[in-house]
Amino acid sequence: MNWLLTLTVVTVIVVVLFDYTNGFHDASNIVATIVASRAATPIQAVILVAVFEFLGPLLAGTAVADTIGNFVNVRDLPAAPSVAIVLCGVLGAICWNLLTWWLAIPSSSSHALVGGLVGVVVIAAGPDHVVWGVGELAGGKLVGVTKVILALLLSPLVGFVVGFVIHRLMRLLLRAARPTVNRSLRRVQFVTAAGLAFSHGANDAQKSMGVITMLLVLGGYLPRFEVPLWVIVLCATAVTAGILSGGWRIVRTVGFGIYKLRPLHAVDAQLTAGSVILGAALFGAPVSTTHVVTSSIMGIGASERPRAVRWQKGKEIVAAWVVTIPAAATVAILIYTVASWLISSVN
């Protein structure tokens, strides 16, 4: 029996499961704004988002996949152990995603994946097998964990500022508009929500594409890191299936729990988040849709009525973000430790 092939196939299936959980845990935040503003029913919104979510990974390149597939480096280890390490890291991310989804906490799948992989690689292979990117930063290059962490940290700030500015400009442009403009804005939301879904697919599905391609290189099934077409289609399908499966728990938190959304707010939030996420995808920077959508809504609320923003809800979400990386790392390390103990006991 080819144990390496079996282990690789199992790990690819687990990564696809992560992509699926990302769909209902993270991408459903896209549905939140269009549903909360009553521009579409949940079913209409989910179908719209699913179609454009699928198109994003197919048309937006693989820059994020290249980043994710190369911020840890275990290629000098034997093939089977290196694949097993990646498996434990992804399992840690999945466990944390499922827990936060069940508790209706808008956590970050991106943070969970980074935490799971970095944590288990440090313990199993050593910190020198993580591409930290600190030295390269001094030379003007943004790579590895430094690039990933900076993208994850800065994107919410960018989302907040851009949301604040865009909403101020839109209110200025529409200051003389009649109330009937809301009907037009609800129609516009179908376009902006589609753009946001496309952007999310372009960024988030690529994370799983990067991990699967890394696995194929580690197993010797690919000579170099180059994302195959079948991997792109597989990951696009998985994240889309996740969107079609659920996510209403978090839709309620993001769509209704931060600021009361009207059609103009929803359009501005979708426009802001879509622009930030797509720009990051083209740059090869993985970001969190939950972060960007939430921060853009808060920025929009702050530009209009700061006292009406439920800042406490924002604090709760930020706390969950801060916890995610170490929590996912801890879960991944526990899985690796238990698996190692079981294997040694059998032997």
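Each Cβ is built from the backbone N, Cα and C atoms, and glycine gets one as well.
TrEMBL lists 6-24, 45-64, 84-105, 112-132, 144-166, 229-251, 271-297, 318-343 with the feature transmembrane segment.
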| Most Cβ pairs under 8 Å with the transmembrane segment (6-24), selected from 84-105, 112-132, 271-297 | 84-105
| note | Among 45-64, 84-105, 144-166, 271-297, the most Cβ pairs under 8 Å with the transmembrane segment (318-343) come from 84-105
| Counting only residues 6+ away from its ends, which parts of the chain sit with a Cβ under 8 Å from the transmembrane segment (112-132)? | 18, 68, 70-74, 76-77, 81-82, 85-86, 88-94, 96-97, 143-146, 148-149, 152, 207, 211, 286, 324-333, 335-337
